[in-house]
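Here the structure comes first, spelled out in structure tokens, and everything after it is commentary.
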Amino acid sequence: MSSEMLLDFSETSGAERKQDLSEDQEEKQKPRVNEGIEPVSKRRMKKLRKQKQWEEQRELRKQKRKEKHKRKKLERQCQLESNSDGNDRKRVRRQVVHSTLRLIIDCSFDDLMVLKDIKKLHKQIQRCYAENRRALHPVQFYLTSHGGQLKKNMDDNDKGWVNWKDIHIKPEHYSELIKKEDLVYLTSDSPNVLQELDESKAYVIGGLVDHNHHKGFTYKQASDYGIDHAQLPLGNFVKMNSRKVLAVNHVFEIILEYLQTRDWQEAFFTILPQRKGAVPTDKACDSSSQDQQAAGAEGGLDSEAECCRNQLDSPHPEEAQDEETH
């Protein structure tokens with residue numbers, strides 16, 4: 001074979017090898033089917049469906065916002081027309097009658113709470129202040145032992161508290177401000193059941209958000225100080241699926257409602273949240289009797305013995321929003 005033929009052959013072979021290498025590189029760069037594609041999880045699919053639904057309902061939400069804005073605008077116009085002569089506004093102001101009852105939130109448990117619970121207590125106090133400001137029979141509101149984590153949290157997140165009106169915010173303990181014979185500590189552990197509110201008294205609510213970690217603490221403190229104590233007559237009117245321990249603002253609002261209606265049952269069912277599963281005790285007893293009779297007929301249960309069981313203080317799992325206090 002001549003040298004020219006060998007040269008042509010080598011050049012042709014080199015060109016073919018280069019072409020083969022370039023084709024291999026292109027093949028590698030091409031995405032292969034079902035390669036590198038991660039399977040979509042159920043959670044991701046659910047998120048995508050929700051996102052699609054959110055996008056589809058965008059116009060509907062926009063329309064609802066417009067309707068709500070129009071409705072509020074119309075309500076404001078009607079209110080302005082009704083108050084144009086000032087008579088209605090003056091009449092509403094005359095209906096507000098300040099109560100002589102003193103209601104104290106005892107904030108002396110600062111060292112027993114973590115910051116998360118301090119923030120919850122702060123929100124409950126804000127709610128109490130707002131409800132008392134718009135109540136028809138506002139009480140004499142006291143915040144005692146104010147300091148520590150609570151004061152710092154209020155300074156950092158609610159600087160306007162220094163301008164609050166119709167409230168006595170004191171660093172002193174309540175026992176230093178009010179006579180011992182006028183004090184009544186409200187605690188669910190007390191054996192005494194409150195029947196009426198004495199407006200000459202000062203009722204103390206323990207500002208302790210502890211999720212039952214310090215059970216009986218407020219009752220012990222009241223006993224140690226030698227002051228009267230009592231619990232709201234919750235068991236006389238209400239059967240609940242959860243504990244009888246209520247949040248600070250719930251106790252505060254129940255008392256405000258009672259001062260207006262003078263009806264404990266109405267006050268309880270107006271204020272208690274739905275998650276408590278509250279029902280009137282008479283209806284609960286009727287329902288319980290019927291269930292026990294049916295169960296006794298089927299399984300031979302002693303319905304009379306079952307009916308004697310205590311229907312309060314049933315266990316209840318703690319939730320994120322279960323901001324309960326003693």
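Here the Cβ of each residue, glycine as well, is placed from N, Cα and C on the backbone.
Curation plays no part in TrEMBL annotations; they are all automatic predictions.
Marked as region 'Disordered' by TrEMBL: 1-90, 280-326. Look at TrEMBL and you will find 14-35, 315-326 tagged as compositional bias 'Basic and acidic residues'. Look at TrEMBL and you will find 42-51, 61-74 tagged as compositional bias 'Basic residues'. Sequence annotations record features per position, and here TrEMBL assigns domain 'SAM-dependent MTase TRM10-type' to 88-279. Annotated active site, proton acceptor per TrEMBL: Asp210, in sequence order.
Counting every protein chain shown, the number of other Cβ atoms lying within 10 Å of the Cβ of Asp210 (active site, proton acceptor) is 19. DSSP labels the residues of the compositional bias 'Basic residues' (61-74) in these numbers: 14 helix, 0 strand, 0 coil. Over the domain 'SAM-dependent MTase TRM10-type' (88-279) the predicted model carries a mean pLDDT of 89. Counting residues of the compositional bias 'Basic residues' (42-51) by DSSP class, helix then strand then coil, yields 10 helix, 0 strand, 0 coil.
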